[in-house]
Amino acid sequence: MFISKCTYVLQRLFFFIGLSLAEQRTASQYGIDEITLSAGTVEPLPELHHSLIGSNNSIFEINSLDYSANYTTDDLWSSEFSAPLTEYSNLNSSIVGERFADYFNSLNFEGKAALAALNALKHSYGSSHVRRFTPYELFGQSQWIEEATEINHVGWSIMFDNLGRYFTLELRGLRELTFSFFILFALLPIATGALTVYIFKRRYYAVTFNEKGRSKESIRQLQENSVVDFDDSSKSSATLALPDNDEPLVVRDPPHERLSILFATLEYNIPDWNIKIKIGGLGVMAQLMSNNLKRYDLIWVVPCVGDIVYPVAETAPSIIVKTVNQQYEVKVYYHYLENIKYVILDCPILRKQTSRDPYPLRMDDFSSAIFYSIWNQSIAAVMMRENPDIYHINDYHCALAPLYNLPKIVPCAVSLHNAEFQGLWPLQSENDLRDVCGLFNIPKSVCKSYVQFGNAFNLMHAAASYVRKHQSGFGVVGVSDKYGHRSWVRYPVFWSLKKVGHLPNPDPTDVDPVISSEPKQLPSFAEYNEKRKAEKRKAQEWAGLTVDDTADLLVFVGRWSVQKGIDLIADLAPTLLDKFNTQIIVVGPVIDLHGKFAAEKFAYIMERYPGRVFSRPEFVHLPSFIFDGADFALIPSRDEPFGLVAVEFGRRGAICIGARVGGLGEMPGWWYAVESSTTPHLLKQFETACCRALNSPTTLRHNLRMAAIQQRFPVTEWVALYDKLIKKCIKTHKKAVKSVPVNEKSNSNSTPLPSIEVNDTNGTMVANKQSPEVEEVPDASEPTNSAGERNRVVHGELSPEKLDEIMETDNDSVASSVGSRPLSELTYISQSSMNLGSKLDVRFIDANGVAISEFSSALSDLTAENSKTKLCIDNFLVKVLQKWYNEEHHYYRTGFRPRFYKYLKTKGKKPREVDDGSSVLSERSFREGFGPVRGVAGHQLSTCQRVMYVKVVGWPLYAIFLALGQILSISSFHLSLLSGFERNHIASLYVVNGIFILSTFFWWGLYRNFASIHCLSLPFTVYGLAFSMTGISSMPFIPFTTRGWLSYGATWIYAIAASSGPLYFTLNFEDEHTKGLGSWVTRACILHGLQQLWTALLWLWGTLSSHLDWNYSILIKPMNNILVAAAVFPIAFVLMLTTIMLYKGLPPFYRQTPGSIPAFSKALFHRRVVICFLLMVINQNFWMSSLISHGWRFFWNSELTVLWKVIVMMICFLVFLWVGLLALLGKLSNTHTWLIPVLGLGFGGIKWLHVFWGTSNIGFFLPWAGISGAYLGRALWLWLGVLDSIQGIGCGLILLQTLSRRHVTNTLLIAQVIGASVTLLASAISPTKTGPGNVFPDITAYTTVDGVKPIANAAFWICLCVNVILCGVYLKCFHKENINRP
């Protein structure tokens, strides 16, 4: 009723005149001699989507005409059409226009005379006789104007009677239906998109209230794994005393009864020596293994540290390792304790670390490479000597050791305690590869097969590759149920594995062997409450807080780093202190810049809120009453492998408030979901969880505490799971070894690695002669490039003192080189998960102290609100980082003019001083002492490179040129743009698609095997050649036929260049990795909008120049105009000049050869998001690629619209509306990184709607809109196109947020090949190969008597349902494989 009223109102508002057109056919063609016309009204249609039906029941379709036929008898048939509105005067005739002639030509009839048609009422209006015309006479066009259809109808049905030789007209179509479809198509995508966003946010932004702790299923598994008692103390080995040092010597059982496990850690404890080196979870788990794996013989390799004096131990033969082509001695000592054999390594390099800092400070410089080289080679020597049954790798530190013993294979189990750190060294050139392989003493072939991951020497990848090759990918586990899977999702080094399992850590204090089925006796509320109050008072007194039993005590214990979320606590603290009666204790060592700024902020908060806040940013051994007296434990970690602190606090009665990431969320408390790693989102979620917890009633808190103290994470469960892991690793290893072909085994033995140890006459372990593949590092006296200079050594015996000297002198140069290197091509294009949600560059350390001074001064204005916005630690650091980055960009990359550097600490400059504690450097210091400094870019980069680094509106020039390459390219879906505007040129479609496929393979090979400067610069030459040929074809002195072939040649050449589009999409903005996702959204919208305009203009040009000559032999008539040449030749020259500029000026990042990635294809197709993306490409190209020209001809071809008005309307949608959406979505994406992908996929089958509106006649004629109907129909088509573009950007952002740079590139190239191939297949077998057909039915002829007939076909529903279903599946894959989500 509402629609009917709206339709009536609109009909009364608009005045319209209907048009009708009778189609004419020759009698010989359609089986009739003549047609007798009744004196009914007919309506000339200058444009229709139209098919012709012959007497043999065959259907012929053409781009802009679509008749549907109904047969009533053998001699009576009908054809329906709808009528757009226009107004003509002084016309009273109608003949078939050129579009009809075009169509008849496509039928490929024999002889042009057969194309004759009937000119209805040309000479005798109302007569029953019509005469025949030749095709040449029909090439012109005129219209016969009559009256419109009645108010409730859209068009006519022409009833042809073959026997009576006449036709009649019947009214068809419902105007209400067209109005309903218009409203539905305009609003439905927005409604479904908004609903999807709402559901997604409600589902994944929830703050979970965990009332009971572990789930029932988890408890059931816990009981199953805890009933087995693994206490093998009765079977433990006997011991004998050693006469030398009175140390016990283990007498082991026979090997077949006890397995031996070798593991090596930098954190360890030796109880009888009272040595304990433990700073994190790995140290806890190492101690747990030594205390509870009594049924195994444990071989524990540990290093000596510099600040501990070790007792006398059994001396073993030394190990001679090799690094930088020199031998280096490592002393070995044995110590025995029960079933553990400690293998203690001692050398000056290892002793450079301390008990507080057992790990090297960096993991990408020269000194750390030396450390890990010696460490891993020593482990390999011990492994060869002890011959264990299995080697347990904990994180990346010892992952390289098994490779030194190849081809001998040892079963391995890999535990991921913190997969965030992987041990990376740059491999940007062959010199880097040679130098790093020399440092680690491994051949290049082994490095490329196991260790190298793109342009990085990756220790973690060595472990993953070893397991993949020799254990069928089994053996890598995370330390919690979710962390294993999330590690596989987030880190590309694991994508070649089918999955990463889980081995949940236990609570080391939960040593009870059996889970009791009876409930634990719990204390009463009053008793427990009094006990907690006493403990809380002790904690308050210890921290110097006001003793207040009513205050809620919030405690954070852990490392002060961005990973642990200490900055979030500091940002939220003023809000919690103002709104609630709370006290806060924060304790732990400062690890990074976020921790440093948090310490500064907490120092101010302590002064502002005396007696309510205690902050100690250092490592502290906490008394037990801190855990027993805490009301709430704050755990806002951005990433947490297991979360032992939650178990420790929870089992002591504290309620947890934190993020549900990794292993967190198993204890009772309030846990917020982390769907986006942006700081505003995390703060909002954290605040919501805290407010709910602090507003909770006392009885609920007591129930949570009672549930928490009953939670079990028993060691017996972990031992049972560990036993299963070890046995399955050994079993899988044996099975994999048996499956290796004999010839492959022989090949693996042909190039053995250098052996680490062999016994000499003195019993000393020395290195064998190295393999020929291990190249010598050049002598320092020889001239080398910068890469070689970084790792220079002096030949001769390498004494500890000499190695120390080399490390000290070379470390700075390596650090600076590594620090200033560009992003690896495997760095995530979106906000990198390696930064844990922070956009802070790891190279920025505030060396001058200016940033911390500015922040400290700004804290005087601290409020609860600006603490979460302006003075939010992460936001402040990001702003400072941008300024620092601009200074670094000028200093290292442009440096044309001297300037003053405020945040950047440059070499050879004195540290900047701050006047009177001010956070801003004074003008006096600038003038007198420090002055402007000219950058050093001139000494490192060529002039052309420096020019290309110059920024224009925030974009480097090289990025603008690469963006141009993306704009000029087209996708496989739009190949009909190049293949022509009509289906009768099917040969052109096959040629263009074939060229497109072959050239895609060419660009991929160029990208894969050579530096990126080649595949990014060469396409512009090809573009220039295509434009040049277009200019030549427009010359008037060129023969007409030659001009036609030149036009086709230009099209084919353009297709070659256009296939390089994915390379420009993925390889652009190499130095903008610190930008947030919002900036990527902005750039994507800008480029996509420009690409839309370029495509629209190309279609306009092609439409205006699309004509047939007198013999119907040329599709696109070349423009015979010298002005065209004058326009395209300068463009061609600029494009070819761009090739030179890019080749000479692209930054160093594009000049490195892409590194190898073992099992890349396997890893790529392990990602479900890739499979889903390819399925979407296949679906769209199969159903819709052949119809892309229909939509654009619908938009541009109309005699009812004025061209300049259509152009203005296009600019309004594709420029102004697009810019508005760009600004809005870009801003929101800075907080909600998932917004555009979820919104776009929430539109559902938006591309189906877009194609449907442009091809099914419904957009041609909107009778309720009057003369403006033609514009409204095209406006809706543009609106649907904008929404379709948003979905396209969302799909692209999904790839950017789920894959690495290399993986995105290959995915898009594969999609191009598949899409073009499917387009060729669709042209042969698709239901839409010749037109919309039944897939996009014409509903303008629909009446109620038709029922569901127009949509009662399988093709219609398959196309629609598959489009919608794939959107849902793609959204699910995105959520599961999103790298930005912890």
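Placed from the backbone N, Cα and C atoms, the Cβ positions cover glycine too.
What you are looking at is a predicted structure, and each value in this text was computed from that prediction instead of being measured.
TrEMBL annotations:
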DOMAIN    261-466  domain 'Starch synthase catalytic'
DOMAIN    547-667  domain 'Glycosyl transferase family 1'
DOMAIN    947-1379  domain 'Cell wall alpha-1,3-glucan synthase Mok11-14/Ags1-like transmembrane'
REGION    741-760  region 'Disordered'
REGION    770-789  region 'Disordered'
SIGNAL    1-22  signal peptide
TRANSMEM  179-200  transmembrane segment
TRANSMEM  955-975  transmembrane segment
TRANSMEM  987-1006  transmembrane segment
TRANSMEM  1045-1065  transmembrane segment
TRANSMEM  1077-1102  transmembrane segment
TRANSMEM  1122-1143  transmembrane segment
TRANSMEM  1164-1182  transmembrane segment
TRANSMEM  1202-1225  transmembrane segment
TRANSMEM  1234-1256  transmembrane segment
TRANSMEM  1276-1296  transmembrane segment
TRANSMEM  1308-1326  transmembrane segment
TRANSMEM  1351-1371  transmembrane segment
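For the domain 'Glycosyl transferase family 1' (547-667), residue counts in helix, strand and coil come to 43 helix, 27 strand, 51 coil, using DSSP. Touching of the transmembrane segment (1045-1065) and the transmembrane segment (1308-1326) is concluded from the presence of at least three CB pairs under 8 A, sequence neighbours closer than 6 excluded.
If you average pLDDT over the domain 'Glycosyl transferase family 1' (547-667) in this model, you get 92. Long-range contacts of the transmembrane segment (1351-1371) within its own chain (CB-CB distance under 8 A, at least 6 residues past either end) are made by residues 196, 200, 1169, 1172-1173, 1175-1176, 1179-1180, 1183, 1237-1238, 1241-1245, 1247-1248, 1287, 1291, 1294, 1327, 1333-1337.
In summary, the transmembrane segment (179-200) does not lie against the transmembrane segment (1077-1102): fewer than three C-beta pairs, each 6 or more positions apart in sequence, are under 8 Å.
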